[in-house]
Amino acid sequence: MRLFLLLVGLTTVIADDLPPTCIRPVYCNSTLLHYVQMARLYPDSKTFVDFQMRKDENATLSAFQELLDRTNHNPTKEDLQEFVVDFFDETSELEEWKPDDHKENPPFLAKIRDQGFREFAKALNDIWPTLARRVKPSVLEKPEQSSLVPMTHGFIVPGGRFKEIYYWDAYWIIEGLLITDMTETAKGMIENLIELLYKFGHIPNGSRWYYQERSQPPLLAAMIKLYYEKTKDIEFIRKYISALEKELEYWLDTHLIAFNKDDRVYTLLRYYIPSAGPRPESYYEDYELAQKLDKNTDPNDIYADLKSAAESGWDFSTRWFISESGDNSGNLTNLNTKNVIPVDLNAIFAGALQITANFQAILKNPRRAAHWGYMAEQWRSSIEQALWDEEDGVWHDYDILNNKPRRYFYTSNLAPLWMNAVEKPFLAKHGARVLEYLHESQALEYPGGVPVSLVNSGEQWDFPNAWPPEVSIVVTAIQNIGSEESSKLAKELAQVWVRACKSGFTEKKQMFEKYDALNAGKYGGGGEYTVQDGFGWSNGVVLEFLDRYGAVLTSVDSVDASANNGQSNEESETDSKEK
């Protein structure tokens, strides 16, 4: 009944009804923002919108209007730079923070047999304090003068330009924190996200006001599951079960769409963010892109598709391109995110439904457990029927504009296996076929990890980039097939990845946001900004693999690699360098 009522309410948003990107004009919807960003005062559009105001919003906007009046609405770049210096403070709103639960030698290190990998894991554990931040008291006193949304607990930032908490990054960061026994820090990060959920009605892309209107893949339930599996903290589940249900309701209320396939109607989720104007943190880039469109095209159409792609986390990729011929060729002007039904979003949501059902059962709420369990079963069924491709032997995104599956390799194709959104009989029947698909694609044969796609478009979420979260998804998906062959393959891919990351870390002393599948350990390229180091989810994924497979992975290939853990530090490091 609920799904029927939701379907009745599905309508197309009229441009005049579009909400602004956020309710803070200075940072989201003002002539001030437009003038400053289009003047290109800073090479990265995110720089300006991360500045704090020295005065309140009204005083800042009034002063800018006076500048426009004085200059006949034609201020010079120097005028704008002077205004920004006078009215904005580029000092960070965050301060460094040392988590009390950080341990120099967490117990999991003892599970890692290979000495080179054990030392690598320890080095990654040592990075956590360098990425730990908390909101400054001055920001808490005047939160309205910053684009940062204050949060109660300290947290781990991804790194580089990403100086705030990010929704889907947090999943792999929290996983890494739990592996290294930083349970209180992980708990605080989850509670920060729940604070954002209650403040906005959903968890935004990140803890900035300019992310207000969009979310990211709904991984809150999966994060809480990780925390519960580590701590068995049933009171935490009891306290926040309503938050899980609130998030599920948000996605059902705002992202649901009905579509036809083979004369049947299916109801699944898509990414769709209809709000006015460019993304503030990429204002210049979005505005310039809109100028390339046909003059009869409403720029808010492309802005919505840009924001929707950003909500997916895959900003940007041919995955969201629909050309005039209906394929995934073209460029950003071909973005059509709203007309793609994503495999991974629906797999994650099916997983969230089932996790919530399981938690309600643990809490002895059988009616709520049955409600969410039934929806999870229906979601898995829709994924199987609408997104499984019998010919290819894998799941594909679905193009609702042209009513056809998008038969291209993307790592997201494996998300149902990752999120256990596959019924056991179906898995038993088709698991081997998925492995065949992967081998036929040749996507597993690169020295630097599994690339996110096989299309070299120049976009950062395409070939040759290998992204840590997607490598995690692929390896875990293959492991979850449950066969001897799949288990062996998962370990092999994990070893390739950890070796590649270790190679890059040895050379550069840094972990990167993304890597080059063609060159083991080299950072990836493309996109709207320069390479970012740190890096939260990259550290988390390596720790995940070493925690899961540390007893068997080796950092070098040699006849006596099995005895590597018995070598001295000096001998082990010499071997690693020689290789």
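Backbone N, Cα and C define each Cβ position, glycine as well.
Per Swiss-Prot, signal peptide is recorded for 1-15.
Residues or ranges marked as N-linked glycosylation site by Swiss-Prot on the basis of sequence analysis: ASN29 (among others). Annotation note: ASN29 (N-linked glycosylation site) sits in a coil segment as assigned by DSSP.
The N-linked glycosylation site feature in Swiss-Prot is assigned to ASN58 (among others). In the three-state DSSP classification, ASN58 (N-linked glycosylation site) falls within a helix. In the shown protein chains, 10 other C-beta atoms lie within 10 A of the C-beta of ASN58 (N-linked glycosylation site).
Taking the Cβ of ASN205 (N-linked glycosylation site) as reference, residues of its chain lying under 8 Å away and at least six apart in sequence are, in sequence order, TYR166, TYR167, TYR211, ARG214, SER215, GLN216, ALA310, GLU311. Summarising the annotation, Swiss-Prot assigns substrate binding site to ARG161, TRP168, ASP169, ASN205, ARG214, SER215, GLN216, ARG279, PRO280, GLU281, GLY313, GLU528.
Annotation comment: Swiss-Prot describes ASN205 (among others) as N-linked glycosylation site, evidence class sequence analysis.
The active site, proton donor/acceptor feature in Swiss-Prot is assigned to ASP315 (among others); the stated evidence is similarity to another entry. Around ASP315 (active site, proton donor/acceptor), the C-beta neighbours below 8 angstroms that are at least 6 residues distant in the chain are LEU306, ALA309, GLN460, TRP461, GLY527, GLU528.
All protein chains considered, the CB of ASN331 (N-linked glycosylation site) has 15 other CB atoms within 10 Å. The N-linked glycosylation site annotation in Swiss-Prot covers ASN331 (among others) and is backed by sequence analysis.
Around the Cβ of GLU513 (active site, proton donor/acceptor), the number of neighbouring Cβ atoms within 10 Å comes to 26. Summarising the annotation, Swiss-Prot assigns active site, proton donor/acceptor to GLU513 (among others) and lists similarity to another entry as the type of evidence.
Annotation source Swiss-Prot lists region 'Disordered' at 560-579.
Annotation comment: Swiss-Prot describes 560-569 as compositional bias 'Polar residues'.
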Select the closest residue to ARG161 (substrate binding site) from the following glycosylation sites, measuring between CA atoms: ASN29, ASN58, ASN331. ASN29
By Cα-Cα distance, the member of recorded positions ASP169, PRO280, GLU513 nearest ASN58 (N-linked glycosylation site): PRO280
On a C-alpha basis, identify the one among PRO280, GLY313, ASN331 that is nearest to GLU513 (active site, proton donor/acceptor); the candidates are the recorded positions. GLY313
Note down the number of other Cβ atoms within 10 Å of the Cβ of GLN216 (substrate binding site), including every protein chain shown. 23
To the nearest Å, how far is the Cα of PRO280 (substrate binding site) from the Cα of ASN29 (N-linked glycosylation site)? 8
Roughly how many angstrom lie between the C-alpha atoms of GLY313 (substrate binding site) and ASN331 (N-linked glycosylation site)? 18
So for PRO280 (substrate binding site), how many other CB atoms are inside 10 Å of its CB? 28
